[in-house]
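> Features from TrEMBL:
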| type | residues | note |
| --- | --- | --- |
| SIGNAL | 1-18 | signal peptide |
| TRANSMEM | 137-157 | transmembrane segment |
| TRANSMEM | 169-194 | transmembrane segment |
| TRANSMEM | 200-222 | transmembrane segment |
| TRANSMEM | 229-250 | transmembrane segment |
| TRANSMEM | 270-289 | transmembrane segment |
| TRANSMEM | 301-324 | transmembrane segment |
| TRANSMEM | 330-353 | transmembrane segment |
| TRANSMEM | 360-379 | transmembrane segment |
| TRANSMEM | 391-414 | transmembrane segment |
Amino acid sequence: MLLSGFILVMWLLQTSRCENFTNVVDIDLKPDVPIIINDDGKESILNFNYSVFGNTNVEALFVVENSKKAEIIGETLLVLNESSIGEVSFKVTGKIIGRTYLNVLVREYKSNNQANETLLEKFELIVTRVSRPIDTAFNVVIITLVVVATMAMGCKIDPEVVKATLKRPIAPIIGLLSQFLFMPAVSFLAAYYLKLDPAIALGYFALGCSPGGSASNVYTYLLGGDISLSVTMTLVSTICSLGLIPMWLFTVGQKVIYKGTTMQIPYVNIITSLLGLIIPVFLGMIIQYKRPNWAKKLVKIIKPLVFIFLLFAMTVGVYANLYIFDFFDLIILLVGAIIPYSGFLFGLLISFVTRQPKKNLIAIVIETGIQNTGIPIVLLRISLSPPESDISIIGPVASSLFMPIPFIIILVAMEIRKRCCKKRLPDEKNDLAMMDEPATFTKLAEDGSPAHSFENLNSHTHPISNTDR
């Protein structure tokens, strides 16, 4: 009796499907999701199992949601026969690293030949970079340079100078609030509301949360700012970043920027990487206290180290990360410029409002707008998994292109002015020498012989006494 009832129910369901031309289609990916392919242009084969229950034919359409990241090679339409089970293969190639979806649409034709298309399955598709020896070498060199530069920064910190600067805490507090309140806010607003890719937005946000670095100290020195204040602000912000960077990333980064995505920010990796980047500052300070001679040698290598860093980044770094330029568009470059330039303007405004002296103003402006780009690049590259580890550094790299531009222009203008002043200086000295020489104008007599010279007149002139005045 139970068996008869079950058969009757199945027959009714099948009849209902036939009358409404509705089929039951099941498509499974083999192996399991997510689909991971490389961006090297090589074809990857995807195998799907399908099953159809019904008495009419249906079509399955395979579509990559973002065709810029990947594409299917060949035919993407599959005709599924009624009541059939089988396997089908497709070739997929990756273009640009990132995440997208492979959508399976089922198309069924009704009695009036009108197609009814519905989304059946949505498979996550991840395009990653092929790991190469040059990528490993680049990561090792960048990490080494950042750690050594950070240690050298610690070596040039004089605790007495820091104490003296902190006794007038208004300027350091202004810089700290600017770096860890205003900069995170502007970087979040710019990246989030311009609808950037979550990984790129996270990179910009991490940059906005980062402290200053040695570059800000160098620019402060070259532009005549208060170098003691600059170094103190860098030290304070670097120490505070141990707690503030994780706080911002684990709150706004995870809950807002990554909201609605399958990505997770690895807390332990972030903190571990941050400790590895910040601890060298304290090691440098210990070296400066225990071994001053060693500290002097380390400080001397900062400038050549910065040069080597820039040279390496502009050559090997560009070659190893050519994929970054595929992501550059007007919006990404615009955000890259907005973040540091907003920092410069805010630092200038808050310094005027608090009536800071000129040297403090220069230091605050530079410290606010210039972030230590090495920290977010190394931090995100080590902590995140592909492809986010590669995509997230696009923001810091783009912003680093715009940071030094205003200061380079100012320094070039200062150098031109200096050289022009040097050229004018000899002429001015000659003019002053002629003015200092005694006048030798003479008055000619009627016979043409000189009469009295201006010197002779002066020699016969009596000095004016106080009573004559």
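Backbone N, Cα and C atoms are what each Cβ position is placed from, and that goes for glycine too.
Let's see these features in context: how buried, what's close, how far.
Among residues of the same chain six or more beyond the transmembrane segment (169-194), those with a C-beta under 8 A of the stretch's C-beta atoms are 200-201, 204-205, 207-209, 211-212, 226, 229, 232-233, 236-237, 240-241, 244, 248, 252, 256-257, 331, 334-335, 338-339, 342-343, 346-347, 350-351, 354, 356, 360, 363-364, 367-368, 371, 395.
Here the transmembrane segment (200-222) has Cβ contacts under 8 Å with residues 149-150, 152-153, 179-180, 183-188, 190-192, 229-231, 233-234, 237-238, 240-241, 244-245, 248-249, 252-253, 257-258, 265, 302-303, 306, 327, 332, 335-336, 339, 362-363, 366-367, 370-376, 379-380, 388, 391-396, 399, 403-404, 407, 411 of the same chain, all six or more residues outside its ends.
Listed as Cβ neighbours of the transmembrane segment (229-250) (distance under 8 Å, sequence separation of 6 or more from its ends, same chain) are residues 150, 153-154, 156-157, 161-162, 165-166, 171-172, 175-176, 179-180, 184, 202, 205-206, 209-214, 216-217, 220-221, 265, 267, 270-271, 274-275, 278, 281, 359-360, 363-364, 366-367, 372, 375, 379.
Note on the transmembrane segment (301-324): residues 39, 96-97, 129, 132, 134-135, 137-138, 141-142, 145, 148-149, 152-153, 156, 214-215, 218, 390, 393-394, 397-398 of its chain, located 6 or more positions outside it, place their CB under 8 angstroms from a CB of the stretch.
With a threshold of 8 Å between CB atoms, the same-chain residues lying at least 6 positions outside the transmembrane segment (330-353) that come near it are 174-175, 178, 182-183, 186-187, 190-191, 194, 196, 200, 204, 207-208, 360-361, 364-371, 394-395, 398-399, 401-403, 406.
Beyond the ends of the transmembrane segment (391-414), by six or more residues, the same chain brings 97-98, 191, 197, 199-204, 206-207, 215, 219, 222-223, 321, 324, 327-328, 332-333, 335-337, 339-341, 344, 366, 369-371, 373, 376-377, 380-381, 384 to within a C-beta distance below 8 angstroms of the stretch.
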> Checking distant contacts: for the transmembrane segment (360-379), what same-chain residues at least six beyond its ends satisfy Cβ-Cβ under 8 A?
142-143, 145-146, 149, 171, 174-175, 178-179, 182-183, 203, 206-216, 219-220, 223-227, 229-230, 233-234, 237-238, 241, 245, 270, 273-274, 277, 340-344, 346-348, 350-352, 392-393, 395-397, 399-400, 403, 407
